[in-house]
Amino acid sequence: MGFNVIRLLRGSAVAVVLAPTVLLTMLSSAERGCPKGCRCEGKMVYCESQKLQEIPSSISAGCLGLSLRYNSLQKLKYNQFKGLNQLTWLYLDHNHISNIDENAFNGIRRLKELILSSNRISYFLNNTFRPVTNLRNLDLSYNQLHSLGSEQFRGLRKLLSLHLRSNSLRTIPVRIFQDCRNLELLDLGYNRIRSLARNVFAGMIRLKELHLEHNQFSKLNLALFPRLVSLQNLYMQWNKISVIGQTMSWTWSSLQRLDLSGNEIEAFSGPSVFQCVPNLQRLNLDSNKLTFIGQEILDSWISLNDISLAGNIWECSRNICSLVNWLKSFKGLRENTILCASPKELQGVNVIDAVKNYSICGKSTTTERFDLARALPKPTFKPKLPRPKHESKPPLPPTVGASEPSPETDVDTEHISFHKIIAGSVALFLSVLVILLVMYVSWKRYPASMKQLQQRSLMRRHRKKKRQSLKQMTPGTQEFYVDYKPTNTETSEMLLNGTGPCTYSKSGSRECEIPLSMNVSTFLAYDQPTISYCGVHHELLSHKTFETNAQEDTMESHLETELDLSTITSAGRIGDHKPQLA
């Protein structure tokens, strides 16, 4: 009994001694779990955007996820992650890493996701990824890789996705992916690859998606992919492919999408190019150099439900008819921007509308271009040129080699004339606009000058109207003569009193009476016949410039003086004739 009590006391003493030690260990572990400046969420540690140049050493050993992205790490040392044997994902993207030790990833066998994108890595040693055989996702994109080792991915049998996008790779070693039997996605886009060896993809029996876009391929041979029996999506857009062919004798039944947009494809090597892909559902051929597609190629597109053909140089002739008929019967998704690139008359017109409106497929090829030219709208304005006069010649007999003028030439001429008319109209409009602008600026800057110009313009208009009214009152210049047939009473009255009525007439005009004041001396001195009429001499002065109203009054007084002189002369001569009559 006493022995048991002593034993119990000893056990209690040991527990009391060990309790502080365990507590200190727990506290130190808690302090080590979340480094300074980092954010910890359970067993996930986020040390992002801290400008770190070294990986913190105080990370908990039980950490499951570590993010060190957007820092300034430059290299990964030997056993860099030793002690983090529970780590399952590691993000090291967007750093300055350029050197990775061959044993940097030792001790993290449970790692499933490794992100090393957007760094400065130019090469990897062959054994770099040997310690992380459980990787599912490996991202090496946006680096400076020039080449890959032949055993670069040796042992990565569980890898599902591999990203090598946006590097500087030129070649891919043969059988480099042989151990990646479970790989489903391979991204080799945005590199400088020109060609691929036949056995590059050997062993990749589960690959479903392959990216080869934005490389430098010039040919596409579907026989290069004989072992990709599970491939569903193949992306080869924006290369330099001009020829597509296939030399394989088996059917590629798994392929469902093929993207060949943005290449230089002009034609297909044979009618059986697409016969090896009977389950193809989506085909992208936009932005190439296709002018037409043959009927045999169209017949092989039996399974398509989505097609893209925009951005090609379609020639809207009879060769386009098979494609238009196929598009009309196609029930899947397609773009409506399939436009004609030639001939010039149809540039920018939808191919279906062109065939419908211009009857391209309804008539023979010999009259096709002629009918097309006649069907096109002609410009409304057509300049009429004067016809040169030629001497009449007998018609020449028709020759064998003579041909009628081409209607296409007439259409071109009318097209050019229409453009000239438009250009002239635009030039005239711009000229008027410039004149109005100058007038507006002058009016704003020199308002007094503009007022003076307006006043002068009004005065000129007033004078012009006055002269026109005088011209209307005054008939044209005619020959005037004095016709005087006095009676006996009038003659005696004029001789006795010195005054009498005098009548002159103007041919085709009117008559007026002029009172005369006989002055014999004036009559004797005036030896030329003077013809006076009612205001006619105003026309003789109409060419003179009347500056002011005072000048106009002066001219009117002169006219009255001349009228008096003419009247006296006529009266004197009438008196001279009287004795003769007597």
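Cβ from N, Cα, C; glycine included.
If you look up Swiss-Prot, you'll see 33-58 marked as domain 'LRRNT'. Among residues of the same chain six or more beyond the domain 'LRRNT' (33-58), those with a C-beta under 8 A of the stretch's C-beta atoms are 64-74, 80-81, 86.
Within 10 Å of the C-beta atom of Asn126 (N-linked glycosylation site) sit 14 other C-beta atoms, taking all shown protein chains into account. Residues or ranges marked as N-linked glycosylation site by Swiss-Prot: Asn126 (among others).
Taken from Swiss-Prot, the feature N-linked glycosylation site covers Asn357 (among others), and the record attributes it to sequence analysis. Under the DSSP three-state reduction, Asn357 (N-linked glycosylation site) is assigned to helix.
The region 'Disordered' annotation in Swiss-Prot covers 378-411.
Among the features that Swiss-Prot reports, repeat 'LRR 1' is placed at 61-83. DSSP places the residues of the repeat 'LRR 1' (61-83) in helix, strand and coil in these numbers: 0 helix, 5 strand, 18 coil.
Summarising the annotation, Swiss-Prot assigns repeat 'LRR 2' to 84-107. Distant neighbours of the repeat 'LRR 2' (84-107): 43, 59, 61-78, 113-122, 124-125, 127-129, 131-132, 139; these residues of the same chain sit at least 6 beyond its ends, with a Cβ under 8 Å from one of its Cβ atoms.
Residues in the repeat 'LRR 3' (109-131) partition by DSSP class (helix H, G, I; strand E, B; coil) as 0 helix, 3 strand, 20 coil. As annotated by Swiss-Prot, repeat 'LRR 3' applies to 109-131.
In terms of DSSP helix, strand and coil, the repeat 'LRR 4' (132-155) has 0 helix, 3 strand, 21 coil. The repeat 'LRR 4' annotation in Swiss-Prot covers 132-155.
Counting same-chain residues at least six beyond the ends of the repeat 'LRR 5' (156-179), those with a Cβ under 8 angstroms from any Cβ of the stretch are 117, 129, 132-150, 185-194, 196-197, 199-204, 211. Summarising the annotation, Swiss-Prot assigns repeat 'LRR 5' to 156-179.
Taking DSSP states H, G and I as helix and E and B as strand, the repeat 'LRR 6' (181-203) has 0 helix, 3 strand, 20 coil. Taken from Swiss-Prot, the feature repeat 'LRR 6' covers 181-203.
In the repeat 'LRR 7' (205-227), helix, strand and coil residues by DSSP number 3 helix, 6 strand, 14 coil. Look at Swiss-Prot and you will find 205-227 tagged as repeat 'LRR 7'.
In this model, the repeat 'LRR 8' (229-251) carries an average pLDDT of 89. The repeat 'LRR 8' annotation in Swiss-Prot covers 229-251.
The feature repeat 'LRR 9' is assigned by Swiss-Prot to 252-276. Outside the repeat 'LRR 9' (252-276) by six or more residues, the chain places 213, 220, 222, 225, 228-246, 282-291, 293-294, 296-297, 300-301, 308, 311 with a CB less than 8 A from a CB of the stretch.
The repeat 'LRR 10' annotation in Swiss-Prot covers 277-300. The DSSP breakdown of the repeat 'LRR 10' (277-300), given as helix, strand and coil counts, is 5 helix, 3 strand, 16 coil.
Swiss-Prot lists 1-30 with the feature signal peptide.
Annotation comment: Swiss-Prot describes 442-582 as topological domain 'Cytoplasmic', evidence class sequence analysis.
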Between Asn357 (N-linked glycosylation site) and Asn126 (N-linked glycosylation site), the C-alpha gap once rounded to whole angstrom: 65
Other parts of the chain folded back onto the repeat 'LRR 10' (277-300), taken as Cβ under 8 Å at six or more residues beyond its ends: 222, 237, 242, 251-268, 271, 306-315, 319-320, 322-323, 326, 335, 341
